[in-house]
Amino acid sequence: MALSSTEVNRIRNFCIIAHIDHGKSTLADRLLEITHTLDRTQMASAQVLDDMDLERERGITIKSHAIQMKYRASDGLEYTLNLIDTPGHVDFSYEVSRSLAACEGALLIVDATQGVEAQTIANLYLALDAGLDIIPVINKIDLPSSDVEGVARQVMDLIGIKREEILQVSAKAGIGVPELIEAIVQRIPAPADNNHLPLRALIFDSVFDSYRGAVIYLRIVEGSLKKGDRVKFFASNKIFFAEEIGTMSMKRQPKSLLESGDVGYLICSIKDVKDAKVGDTVTLADNPAHERLSGYKEVKPMVFSGLYPINSNEFEDLRESLEKLALNDASLLYTPETSVALGFGFRCGFLGLLHMEIIQERLEREYGVNIITTVPNVEYRVVMTNGEVVIVDNPSKMPDTGRINLVEEPYVTMQIITLADYIGNIMKLGMERRGEYKNTDYLDTTRVIMHFEFPLAEIVFDFHDRLKSISKGYASMDYEYIGYRDSDLVKLDVLLNGETVDALSIVVHRSKAYDWGKKLCLKLKGIIPKQMYEVAIQAAIGSKVISRETISAMRKNVLAKCYGGDISRKRKLLEKQKEGKKRMKQVGRVEVPQEAFLALLNIDE
């Protein structure tokens, strides 16, 4: 049975955009409660939509979710509200943009105690680009430290709206939430009625079910989808059979038909989530649409790191764990690699730093694999003297200096929101990290947005931690990739007794190479245990050594048994010891402890 245009008019598709910790998931809980989708007794835990422990602990949303609520409005009619919960972090901005494309409106949540933050602005711009109607909401108004009017002025300046259009709520206490639901019905437009057109549905997320394969979340933009239809995916051109379709409340609810405006799920025995890419378009194989919905792009990893099991026997466990994680996360790439120092492991590609941390934490937590991580690095584009272009994502694979014409590295544009008091500290940090300052805009009398351009390699390390510490926790940042630029980059190798340790190689800017080499040698000197012979730690660019530290040998007192006697006897014993140490040095290998690899991650401490 087809939906009448009247029923389409009673659908509202919306999402919630907010900075981390501004109360997005708590507000979603209140909406579920007021619409009786869940009652309080079923809410065993707060943040119902954040179903990973990691999501709850960090207070972030990692995966997109969709949930359908029924609500009887003040006009007496029943409305279908589809809430599409989006990740808030910059690493997942493409997923956010696809989730926004599945909506007609967005709730912009701003914390009354914190004000507008960097990710609020970044996601707001994505929502405005998608043409969404925005309902601004100030949350946490019941806290003693809230500054509702000050934050309202920031929001008015940001999106140019009247004060009375901004709603005030306390998601935790439930204050103002009924008025917010009425505003969703009144102010967010209904989807267009496009049932007569060929099917085009937008995939905004997918999860993997061990028994059913990939479960695809989609928004029907045009046409309709019936159970049993043959469906085609534009990106892979593959055809599948729609075994089950339906809508998402707290659990999957099978239906026989989804129509334009609906948000639901599709199960069609897809064994690999890479066949159901976020942003792709689904159409009917028998009556296909001519072109896909706009906005699709292949997600490319930006940050790379080597993951190695601490115990080499766990290599297969690590492989299985990565395979399972990749089933749910199409943006995680991994390829096997070997290192002389660390043995067998994987070179993994991530969307950004948070993505990398989450994957590492899930490997240790959910799969019990203990891993060593090499220094995160970015993908360099190397133009050789013969004109060939080589992509390098592992510093140890960097070609010899003599064969390189130029090296290009990825750059990002960054917005930092902070209190005006910390501008000087942030400018200093920007200069340290080769940042290019652009300009500063004032949000109000105390808060500013600073605009920079940075090499991505300079911020993948500990930039966020440093930013938080120099601004006493007040600064927030957001960045966006802008392209490659050529830079004077060199490969810095670490040698122990003349042997290169491949896992300690890094690519740095020439201006920083000496400083980095010196710090690294000193750090390793304190970590590598003394041997029976002298150990030379050297940092080198090509064949040129730029820094050196020496670990002196452990010395046994061979003269202890000579209480007096002839000096030549003592000399003979010392010469014999010297010869033995020389021989040891030739055959001995310096064992590099695991702490040495971790030392690279906190070189400045």
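Here, residue 1 is simply the first one shown, and the rest follow in order.
Any Cβ shown, glycine's included, is placed from N, Cα and C.
Annotated features, as they stand in Swiss-Prot:
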type	residues	note
BINDING	Asp21, His22, Gly23, Lys24, Ser25, Thr26, Asn139, Lys140, Ile141, Asp142	GTP binding site
DOMAIN	9-192	domain 'tr-type G'
Which same-chain residues, if any, lie at least 6 apart from Ile141 (GTP binding site) yet have Cβ under 8 Å of it: Ala112, Val148, Gln168, Val169, Ser170, Ile175, Gly176
The one of Ser25, Asn139 whose CB sees the fewest other CB atoms within 10 Å, among these binding-site residues: Ser25
GTP binding residues Asp21, His22, Gly23, Lys24, Ser25, Thr26, Asn139, Lys140, Ile141, Asp142: largest Cα-Cα distance, in Å and rounded to whole number: 17
Across the domain 'tr-type G' (9-192), average pLDDT on the 0 to 100 scale: 78
